[in-house]
Amino acid sequence: MYLSTVLFPLLALNLGLSHARFVRETLELTWEYGSPNGGTPREMVFTNGEYPGPDLIFDEDDDVEVLVINNLPFNTTVHWHGLEMRETPEADGVPGLTQTPIEPGATFTYRFRAYPAGTFWYHSHYKGLMQDGQVGAMYIRRKPDALRPYAVITEDPRELAEIQYAEDNPYLMLATDWTYLTSAEYHNIEVESGYNVFCVDSLLINGRGSVYCPGYQYLEEVSDDGLTAVLEGTHLTEKGCLQPDLHNVQGDYGPWNLSAVPTEVVFNCTPSSVEPPVIYVDPEFNGWVSLNFIGGAAQKAITFSVDNHPMWVYEVDGQFVEPREVEMVGVYSGARYAVMIKLDQTPGDYAIRIAVNGGDQVMSVYAILSYVNQDWIHRENVPKAAIGPHTDTVGYMNYGGGNTSADVRQLLFTENLPAFGVPPPPPSSEVSTTLRTGMIRVNNSYSWSLGNNVLYEPEMTSSTPLLFEPDPLAVIAPKYALTTENNTWVDIVLEITADPRDLIHPPHPIHKHGNRAYIIGNGVGKFRWENVSAAEAEVPDLFYVNETAALRDTFVTDFFDSRLMDGAWIVIRYFVQDKFPSILHCHIASHQMGGMALALLDGVDVWDS
């Protein structure tokens, strides 16, 4: 059985209007019982009575006004993930930086320009409410005359028109994760046990996902070979999770209290079932479809594929890229990947597979791509979607997120496709400032620092948002902030610091608010140079300050093992274009709750203006 509601493409065509519209939306937040995965209901956030919140669709440069009504029993905010907010920094939605929290029973109106165009999402930026369901997808259609990258896909005029129609009318695929615990309960288990907890009950796609319990033996059979490196001779739990007391995963920060971790959190698996979302497509109407995946999970990264359908990745983090044809794509929390798919298969149903990517749990969730014109195919020949465990011989990807053949092409989460249609980054000689981070655990297994060994909480300045302070460093200690001057190019070295107590770091998806940044280099070992100019002179092959640079707002570090390396780093480069109280943080919810963030105060030399 599939969902009875047909999920038609987003209904507003790009009419080619050159003037900006004024668009008004209302989001009412409520705290009610729900069960997106068919398991035990728990209290969660609904937006306008829905989970996830409604898709918000705008045209580039629309003037947007969103009234948020907070009927939750908690403070909250809304962050518009990926939007620049250059003209309206007060709308960025970070408590303590751009606003005071929206208190229970209160309202707040966000006003901003819908810019840049592309795939985005919105979510709470207050404590762990994103994990409780305060999320929704957002899409901004490009102007009709925007330069597009599709010539590498096809030169056929009809196909190019169909591709642009698909771009303007995508299916937004919001991937999240779910646990029967509220975010506050989840975090309290970390505090009481001392463990870094990252196990979930299920993945969800557009708010739906079943719980499968195929047994740990099967889960280990389909898991990535790299998982062996962290299991320390143990087995996965029935839930597909790592044992909670693995020394190389938790670091040397004991003692821990295993009794404070309920068995349902990590060990027990209780199956449940909901109908998968169905994406209906009609190749006779339009021969291409765009699926725009949003990494909205609190704890998990994902890999996705569509059975029998190669995909052209054409947009990452809202930015057009040089298209690449693949069968599997890895996505970390905060990132967005749009793929263009040609509808040229036998009419039928095909599984859209979404699996955990990251080596910390083995599980999958499914949606279905359904051709509407199946009637003329003999019933026995109509393809049926193979979903659930033990369907690994079908499609490109197995239940554990691994490929089913060496011929399967995969875009890894560490690969960054070159940006399309934008100038390359400037040479390193034009950079005015080089800033450094130092990612490391502090004091225990669940507290993470982005730099200076500090644990940052945006709420610590909730009553005095830094945007409205003439001297922000008089309100927040300098160790909690990185500062820049206006109209300058800045490099930030995102570096993992090796520590003998802190053996393994998972990949960290570091998200930057405000404008995007170029990824200009990465490497293993310590970043031992004063700046990129010095590093380029010694190891030029590690840098790409040219047209191959990616332009993103989420930057994912590679898997780190201090037993094999003494550091790892990524360098990003961006232009400071105005006063902006930005933030740089890991988008894994438990890491951010554990302190992994720094204020990024741009343009402090013009702050009092």
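Start at 1 and count along the chain as shown; that gives each residue its number.
Keep in mind that glycine also has a Cβ here, set from the backbone N, Cα and C atoms.
The signal peptide feature in Swiss-Prot is assigned to 1-20; the stated evidence is sequence analysis. Here Swiss-Prot flags Asn75, Asn257, Asn403, Asn443, Asn486, Asn531, Asn546 as N-linked glycosylation site, drawing on sequence analysis. Per Swiss-Prot, Cu cation 1 binding site is recorded for His79, His511, and the stated evidence type is similarity to another entry. The Cu cation 2 binding site annotation in Swiss-Prot covers His81, His123, His587. Annotated Cu cation 3 binding site per Swiss-Prot: His125, His513, His585, in sequence order. According to Swiss-Prot, the feature domain 'Plastocyanin-like 2' maps to 270-372. Under the heading domain 'Plastocyanin-like 3', Swiss-Prot lists 463-602. Taken from Swiss-Prot, the feature Cu cation 4 binding site covers His508, Cys586, His591, and the record attributes it to similarity to another entry.
Proximity note: of the listed recorded positions (Asn257, His508, His511), His511 have a CA within 10 Å of the CA of His81 (Cu cation 2 binding site), given in sequence order.
The Cβ centroid of His81, His123, His587 marks the Cu cation 2 site; residues of that chain outside this set whose Cβ lies within 8 Å of it are His79, Trp121, His125, Met130, Val135, Gly296, Ser333, Gly334, His511, given in sequence order. The domain 'Plastocyanin-like 2' (270-372): residue composition by secondary structure is 0 helix, 62 strand, 41 coil, according to DSSP. Each residue contributes its Cα atom, and for His585 (Cu cation 3 binding site) and His511 (Cu cation 1 binding site) these two points are 5 Å apart. Applying DSSP to the domain 'Plastocyanin-like 3' (463-602) sorts its residues as follows: 24 helix, 59 strand, 57 coil. Taking Cβ-Cβ distances under 8 Å and a sequence gap of 6 or more within the same chain, the neighbours of Asn486 (N-linked glycosylation site) are Val576, Gln577, Asp578, Lys579, Asp602, Gly603, Asp605, Val606. In the three-state DSSP scheme, His123 (Cu cation 2 binding site) is classed as strand. The number of other Cβ atoms within 10 Å of the Cβ belonging to Asn257 (N-linked glycosylation site), over all protein chains shown, comes to 12.
A distance of 23 Å separates the Cα atom of Asn403 (N-linked glycosylation site) from that of His508 (Cu cation 4 binding site). Taking the Cβ of His513 (Cu cation 3 binding site) as reference, residues of its chain lying under 8 Å away and at least six apart in sequence are, in sequence order, His79, Met85, Asp92, Val94, Asp553, Phe580, Ser582, Ile583, Leu584, Leu600. Those residues of the chain, other than His125, His513, His585, with a C-beta within 8 angstroms of the mean position of the Cu cation 3 site C-beta atoms are His79, Asp92, Val94, Pro458, His511, Ser582, Ile583, Leu584, Gln592, Ala597. Taking only the Cα positions, the spacing between His511 (Cu cation 1 binding site) and Cys586 (Cu cation 4 binding site) is 6 angstrom. Per Cα geometry, His125 is the residue among the binding-site residues His123, His125, His508, Cys586, His591 nearest to Asn75 (N-linked glycosylation site). Counting only the Cα atoms, the space from His587 (Cu cation 2 binding site) to His508 (Cu cation 4 binding site) is about 8 angstrom.
Same-chain residues with CB within 8 A of the center of the His508, Cys586, His591 CB atoms, the Cu cation 4 site residues themselves not counted, are Met439, Trp448, Leu450, Pro509, Ile510, His585, His587, Ile588, Gln592, Met596.
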